[in-house]
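S.K.: Okay, here's the structure, questions in a sec.
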């Protein structure tokens with residue numbers, strides 16, 4: 001049953017009750033993948049919540065750098081909460097029907113937070129740039145207020161852009177297939193099912209993908225080029241190694257997030273060395289693993305967080321022995 005509605009210009013828009021999401025059919029033991037994703041989701045929520053708690057509960061960590069870390073942790077939790085439970089419901093429990101509005105909502109949240117993840121990594125690069133290249137002006141340039149403004153701008157931009165992109169989906173008519181071949185209510189596979197012209201949607205999708213991945217990544221590369229120049233000019237080897245050490249965890253996160261995505265896009269969409277099913281599996285893995293790894297990397301590599309986390313654990317043990 002298709003739902004009809006008339007828009008202001010008198011044309012008829014046809015909306016289905018919902019969409020059926022299909023994917024992973026060619027993989028015989030795919031249920032083990034989703035069991036693995038369930039483990040990834042638990043780790044994501046636990047370690048990101050722990051990271052947020054450690055930072056929020058310690059006033060000495062209320063700095064621009066750790067505000068950016070908390071921003072990334074919140075994004076990671078929401079991103080995997082949007083993707084993984086939905087995939088388990090769809091492919092492990094075989095409940096693959098998404099009502100039309102729920103499909104658009106998932107599309108909105110998922111892409112908003114993928115874009116936010118990209119800009120969150122760029123914000124962390126900016127923090128390292130100010131700390132290493134402008135150490136004397138750091139406290140006046142990179143304040144909590146300025147960092148809060150930067151974070152707020154990225155959130156407003158990302159949510160606004162994806163709200164527009166998702167909103168124009170309601171202008172499409174779906175009078176044929178309602179089968180989306182992806183691992184969630186994906187934007188491009190969904191608008192390609194439309195009966196009317198989707199040129200605008202294709203342009204928005206292509207432009208947004210390039211701008212919101214390539215621009216932050218380019219900014220990060222330029223940031224580290226400036227950092228390397230500054231490190232090269234340092235006379236003290238110890239200072240050079242200490243400054244470089246503060247960048248390690250961020251470089252790991254950047255590599256984990258961007259390299260798989262760029263590789264899949266190049267091999268899948270341009271060179272076409274991997275088929276559609278392999279691309280769906282690879283993209284699902286590439287989008288779910290970084291939010292799980294990010295808090296672990298920061299917990300292990302950031303000295304301040306390790307110290308505060310150990311202090312909290314010892315404090316909880318002392319309280320436990322009193323009872």
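A Cβ is built for glycine as well, from the same backbone N, Cα and C atoms used for every other residue.
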S.K.: Could you check which of 66-88, 181-203 is flagged in TrEMBL as transmembrane segment?
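M.R.: Checked against TrEMBL: transmembrane segment maps to 66-88.
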S.K.: If you look at how TrEMBL annotates this chain, which of 9-31, 147-169 comes out as transmembrane segment?
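M.R.: When 9-31, 147-169 are checked in TrEMBL, transmembrane segment belongs to 147-169.
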S.K.: So which residues does the transmembrane segment (108-126) touch in its own chain, when a touch means Cβ under 8 Å and the partner is 6 or more beyond its ends?
M.R.: 65, 68-69, 71-72, 75-76, 78-79, 82-83, 142, 147, 150-151, 154-155, 157-159, 161-163, 165-166, 184, 187, 208, 212-213, 216-217, 219-220, 223-224, 250, 253-254, 257-258, 287, 290-291
S.K.: Please report, as numbers and ranges, the same-chain residues at least 6 past the borders of the transmembrane segment (147-169) whose CB is under 8 Å from any CB of it.
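M.R.: Distant Cβ neighbours of the transmembrane segment (147-169) are 64, 67-68, 71, 104, 107-108, 111-113, 115-116, 119-120, 123, 126-127, 187, 190-191, 200-201, 204-205, 208, 212.
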